């Protein structure tokens, strides 16, 4: 179990000591998606979902979730986040909304869990906003696509293109 930093020598969970690590600029990008009926996506894009403006609510939910990550994931360190962006990319051909969260900090540990949590909760908010019209939505493909900063350097998931067109960026 030597590769698992969250376990002590007895295999018990612990919060990793990061106090001796150098503070560096860190960034993580995560993505996920919500698949839905084509009619549901049309309602979202037309601003006709009965509960209100879906992307605005989901964006705020994702931002709030990133800030609450240490309250949800037991061994995460509370961090001073310096930036959180949550964006959406509708994909009518596949009847889905793609979600991207970018989280930044200058600190002693990374923000991967914060980015993943932001995407997941933004997806849950989309589900909540649209469940009255589509209970068959599927949340999925939540993944880390980029990580930079710290001793381990840069991670880039192969096959992930940069987003050029996004919805709700105003």
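Cβ coordinates are placed from backbone N, Cα and C, and glycine is handled just like the others.
Annotation source Swiss-Prot lists active site at 128, citing sequence analysis. Using a 10 Å radius centred on the Cβ of residue 128 (active site) and all shown protein chains, the other Cβ atoms total 14.
Feature annotation from Swiss-Prot assigns substrate binding site to 75, 76, 77, 113, 114. Within 10 Å of the C-beta of residue 114 (substrate binding site) we count 26 further C-beta atoms, all protein chains included.
Recorded residues residue 76 (substrate binding site) and residue 128 (active site) have their alpha carbons 26 Å apart, per Cα-Cα distance.
Apart from 75, 76, 77, 113, 114, the residues listed for substrate, the same chain places the Cβ atoms of 69, 70, 73, 79, 109 within 8 Å of the centroid of those Cβ atoms.
Summary: among the binding-site residues (75, 76, 113), the fewest other C-beta atoms within 10 A of the C-beta are counted at 75.
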